[in-house]
Structure formats: structure tokens, C-alpha cells
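Trainee: This is the feature table in TrEMBL:
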type: DOMAIN; residues: 57-273; note: domain 'Calcineurin-like phosphoesterase'
type: DOMAIN; residues: 354-481; note: domain 'TMEM62 Ig-like'
type: DOMAIN; residues: 505-727; note: domain 'TMEM62 C-terminal'
type: TRANSMEM; residues: 506-527; note: transmembrane segment
type: TRANSMEM; residues: 568-586; note: transmembrane segment
type: TRANSMEM; residues: 623-647; note: transmembrane segment
type: TRANSMEM; residues: 691-708; note: transmembrane segment
type: TRANSMEM; residues: 723-742; note: transmembrane segment
Amino acid sequence: MAGLLLWSIGKRRKSMAAVAYACFVFVLFLASASCASHGRRRSVIEVEGGPNGVVWVAQLSDLHFSVFNPERAADFRRLLGPALSMINPSLVLITGDLTDGKSKDLSIMKQEEVEWIEYQNATEDIIMRSGLDKKLFYDLRGNHDSFGVPQVGGEYDLYRKYSINSRLRRHGNIQSVTLQHRGRRHIFVGIDSAMEIGVRGPTNLFGHPTDELLSDLDMELGQWDKKSTQPITKISFGHFPLSFTATTDTGKSLKDVFLKHSLSAYLCGHLHTRFGKNLKRHHVRSAGTYYQFNMNHGTPSVKKNENCSTNVESPQEFWEWEMGDWRKSRILRIVAIDSGHTSFLDIDYRLGFRDTIILPTFPLDSRFMHRISSPRYFQCESTGTSLLYETVRALVFSRSSIISVSLKIYDSRSGHFDLVLDQEMMKMKGNQTRGDMYVSQWNWRAFVDPSPDRFLLQIEAIDISGKSTRSQPRPFSVNGLTADTSWSWREFFVMGVQWSALYPPLLHFVLLLLFSLLLVPRGFLIFSKNYASRNKVGPTVTRTKSVWMCIEEAVIFGLVELSRFTELWCGILLYLLYLVFFPWFFGQVYSEAGKMAYMTHGGWAVASPKNENHSAYSGVPDIMVIVLPHLGFVVLPTVLVVGALAAERTAFRDYFRSLCGKKEDGHPEESASHLKGRSLFGVFGFWSGRWMRKLLLFLCMLILWKHWKECRAIVKAYDMNPFLHSPVYCFWIPLSLAYAVYKTCAAV
């Protein structure tokens, strides 16, 4: 009996051990799978060879390969292969809009597989011609690459089929690569924040990060923080500027993560050069929620006694550098990191290949220095044993042998560019492995100045054929002061305004204004018993009144007369209520034909990719490109013009009756004195020929033209029938204007 009991206990122990072993193997499998997945998005590259302490990468953006513009891909093949071979970057970053995805008339926006095949062939060609390893290339998705893609990884997601990242099995919205070189680490983290449910354009314009993406980004940027004491430079790259990036459902933003890690720079595209070439922005924590007027925010504060301890937390700031497009501008960017200092150069290839390229890496351009940390770095490093300030350094790339490189410094204090330093630069020995670095010792203390743009730096290189190439003169500040640079109004419009934050208050303001213009005069008429607007023709003209007061009275008079026009007033009010509570129109938002969705001012109601029976709203704030122009440039002018038509009819009727009454009395002189000063428009003889009505009819035609353009673009973009899918949106405004013109035609 005892033996049987011992045998039973032993058997049970063996079974428990087997179960424990199986659990251990299962956990090990999950861990290895997780590591494998993690390894696919995170890689480390050892940068071998000289020059010491310097790495550089190349950036391209907005290629827009199109079947209707084959020259874009042709120039890409012809120019970039030799250019990348000459520059020899450690990475090549392609930040979105790889294909165009537009029809010939630019009205229909969806994926075209022919363009993706061309992109695949072109990238394979330049990889081969440049001699670079394919693993050095990273390409991200832009909004054009997600036009009409209902689900990431689905049938219509051609990026997952033809992109370099997908061909190298780099999946996920975050891609991280670390360049290690001579005791320094340089982290580059790519962000794919394109729409998860990619609708067609034009309502696919913004980046849409999620809380999960921000968590992954935070983890990747901080991957070396606790593992190493080596200096770390952090750079992120993506397609969308922060001004065109929405916040997450919980209100978090990319800016919060970037500030947390004191990013060196965020490299992006999307805006192209048509808005300007100065699309850069310095970010700090205290910047405004809705806008920032200039490239730099606030006034830098320079402390006399900086804490130079390595344990001091880095200042929370970073630069955002949008680059020009390849589509029209043929721009290639080189970003260099020299001992932790980041600089860049944008090269225009529209005029052909560049035989020699010069990129100064120190001192930095004072327009793009960190506003907080640069003065601190100067105070801490210039008084220590650092050799950083002892030399001027520049990278020189050339396909011909360089025989001479010289440093030139100009002083602009007198109002002219006076040459104050001209000396030869020497090539660093043993640095031919990756590229040529030229250095020149100088007395940097002679250029310490409170003005950040007094001195300008220029490098000149002469090749073996005698051809001279000069870099653009750029201001520098040895003591770390940043030069203020202002945007043009177009640059401010796209870089300085935070559109995702501004859309909700703008929408609410316009709706409140429209309802107020209708309801306030109506309520005034209902509750005021002593209003005597019918006893006066219009706004009176006196010498004490300004033009603006007369215009204000004319607007009030028109809105009151509109509220008397019951049919039109009710029609416009019903249209506004329709725009607030009902779908504006239905359309096909995907590349796949047959799947319809509807749009409201709150976004597109589309089927969730995880559950087709559940609807999700997508495209906010992207729909602002339709909502705000319609409300601001169609509906609001319609309210004002219809009110003006009603007021013009009332004024002309009273004017006509006053003339008839005076003629019957036989006192023409009284008629003249009676009319003088009673009507602003009567003084100029408007009523006699109803010239004001003719002007209003012209404004009606402008409104109809604007509305017709909007409807035509939407009908084409979303393959819809205006009579079936958007009858109210397309026809209510024209019918309201036509009815107003008809009803105000007769004055008596």
C-alpha cells in the first residue's frame, strides 16, 4: 500500500514538472517573439571610419511620383544616384508622399499601383547606382500614400507592398535606428502618423498620432537613457509638421514627447516650397496653444552662472525643420551632427547636378541654434578643456579633387560685408573613408559679440579644374545667441498656426455668428414694440457720422429686413440646422468602389477596420478644408447679400413712394429737401437706377461661382451624384439666392 502511494506521488510530481516546463517554454517563446518584433523596428549601425565625431544623413520628401508627371521619377533616377554616391550618407530618410495618387485634373485622389511600381523600380535603381546598402534607406508614409486606404495592411495599402521599409520587413508605425560613432550615439526615430482609416483627399491632410504611437515613440527615444553614459543626440523624422498634426483622443501631442526628450530636431515635409523656404520653428514648453507669431518664441534668457553639472536636466526645446519637396523644387537635404551639434543644408537640383557641396558644421548658423541650451553650452564648454571652439569645421563633398578650401568671415556692423578673416583650411588626415572634413584654427574669442548676426561665415572650395564653389554666407554666434527670424504671412499661416487646435473654436465661432445674425434681429422685432425702421429709408448720412458707422447701420438694417422676409429667413435657418445636425453629403471615401460614407462637420462616419458594424468618425480636423470655406465664404455671404437685397427692396419702395407723394402735393422743392440726407444710397442716385441691386446681383453670381467650384470638386473627389448624395448641400444655397432675387425684383 505504501509503495503504491509513493508511486502515485512520484507520477504527480513528474506531471507537474512537465506542466512547469511547458509553461517556461511558452513564456520563452513569447519573449523571443517580442524581441524579434522589437528588433524589426530597432537597429544599431556602427559608423566606421573618419572624419571623427561627425555623422551625416540625407533627407528627401514629397516625391509625388505620378503617371502624369514622369519627369519626377526620371530626375530622381538621373540625379540622386550620383548625388548619394558623392555624399555617402549614413542614412537616407524619405519622409512621405512617395506617390501622388491624383488624377490628371487633380480632382480624384486614390492609390494607383502603377505609381507604386515606378517608385519601387526607381528606389532600387538609385540604391544600386549610389552603392549604398539598402538597409540605410527608410521611407515613411505620407497623406498621399494613404488616400483611399480603408485599413493598414489591407488590399489597397500599396505602401505595405512596395515601400523600402516593407521590402525589408520593417512593419509598425515607429522605426528606430541608432548610429554609433567614436563614443557617441545618434538616435533617429521615424513616425508614421498617417490616418489609420485613410479617406480620399481633400479631407486627408493631417497627421493622426495615437496614444499607443506616442508611448512607443517615448520608449524608442529613451532607449539609451539608462543604459549608457555616452553622449546621445536625438532626432525624429516624419511627414507631417506639428502645425498639421492632430492630438490624440486623450489630448496628448507629439510636441509633448519631443520636449520631454529635448529633441535636437524634428525633420518633416508635407508643405512644399510654395508656402516659403523658411518653414522652420523653434518649440518650447511655453509656446502658445493656437499660434506662434515668429520662428522663435519669446526672448532667450542668458544666465551668468550656469550649472554645468552633467546631472542637470536638459532644457525642454527642439527645432522643427520642414524641407522643400522633390515634386517641383528637387530638394535634397543633408543633416550633419558634429560632436552633438546639428546643422543642415538644403540643395536645389532644379538646375542640374552639383559638382561640389559645402556644409559648415561649426560654428552653427545662429538662426537655427537652440535658444536655451546654446548659451549654456558656451558658458560651460568655452571655459573648460573642450577643443570644440578652437577650429572652424566644414564638410566638403565633390566628385572632383579639391585643391584648396578657404575660410572667409565678414563683419556686417558697418552695414557692408567687410572681410575680416581669410585663411586656408586643412583637410583632416585619414578621413577619406566616408567624406572630407576641413578644419581651420581661429581666435574664436575675437568673434564673441552680443549681436547674433553681426558676423557671417562662408567657405570657398576650388577643385582641380579651377572651378570655385562657395557656401551661402550664414550668420554665426560663438557665444550661443540666436538670431531672430520672421515669417512671411504665408509661412506663418502654415507653420505658426496650430490648425488642429484652432478648428473647433473657429467652427463654433462661425456657427454662433451665423445663428446670431439670424436670431438676434428676429428677436428684436418680436420683443420691441417701438421699432420704427419702416419710417426710414436706410442709414442716414450726416457730417458727424463716419463711414464705418454708416456701414454698421446698413448691415443692421439689412438683417432686420431679412428677418421680416419670413420665407427666406426660415429657409436659411433650416439650412443652418441641417448643417449642424445632419450629414452634408455621401461619397466614396476609399479606393474600392461601392463603399459609401457620409460627412458631417464632425468628420466622416466610416466603418471601423476592427468592427465593420461599428461606425467611427475619421478626418477631424481634416474636414476643415470643406467646412470652414463653405460656412465662411458661401453661407455667411449669402446671409448678408440676401439681407441686403431685402433692404434694397424696402429702401427703393420707400424712395419711390416718397417721390410719388411729393409730386402729388406739387412741392418739388420740398421733395428735394426731403430726400437730401435721408439715404446714403439716395445721395448718389442709386435708387433711380437701382444700381445697388445690380451690385448685389453681381455678388450673388460670385457666391454661386464659389459654391459651384466647391460642389464640383467634392462630386469628383468622392464619385457621387449631387441629386442623390448631396441635394441639400449642393442646391439649397442656389435656390435661396434665386428666390431672393425673384421676390425682391418688384418694389411695389
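Yeah, the Cβs are placed from backbone N, Cα and C, and that goes for glycine too.
Small disclaimer: the values here were computed from a predicted structure and weren't measured.
Please go over these features one by one and say how buried each is and what sits next to it.
Mentor: The average pLDDT the prediction assigns to the domain 'TMEM62 Ig-like' (354-481) is 88.
Residues 556, 559-560, 562-564, 569, 572-573, 576, 580, 601, 624, 627-628, 631-632, 635-636, 639-640 of the same chain, all 6+ positions outside the transmembrane segment (506-527), place their C-beta atoms under 8 angstroms from a C-beta of that stretch.
For the transmembrane segment (691-708), the residues of the chain that approach it from at least six positions outside its boundaries are 630, 633-634, 637-638, 641, 644-645, 648, 652, 681, 685, 733-734, 737, 741, 744, judged by C-beta separation under 8 angstroms.
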Trainee: Could you count the residues of the domain 'TMEM62 Ig-like' (354-481) that DSSP puts in helix, in strand and in coil?
Mentor: 19 helix, 56 strand, 53 coil
Trainee: Given a Cβ distance threshold of under 8 angstroms, which distant residues of the chain, six or more beyond its ends, lie next to the transmembrane segment (568-586)?
Mentor: 511, 514-515, 518-519, 522, 562, 596-601, 605, 626, 631, 635, 638-639, 642, 646, 714, 718, 720, 725-726, 728-730, 732-733, 736, 739-740, 743
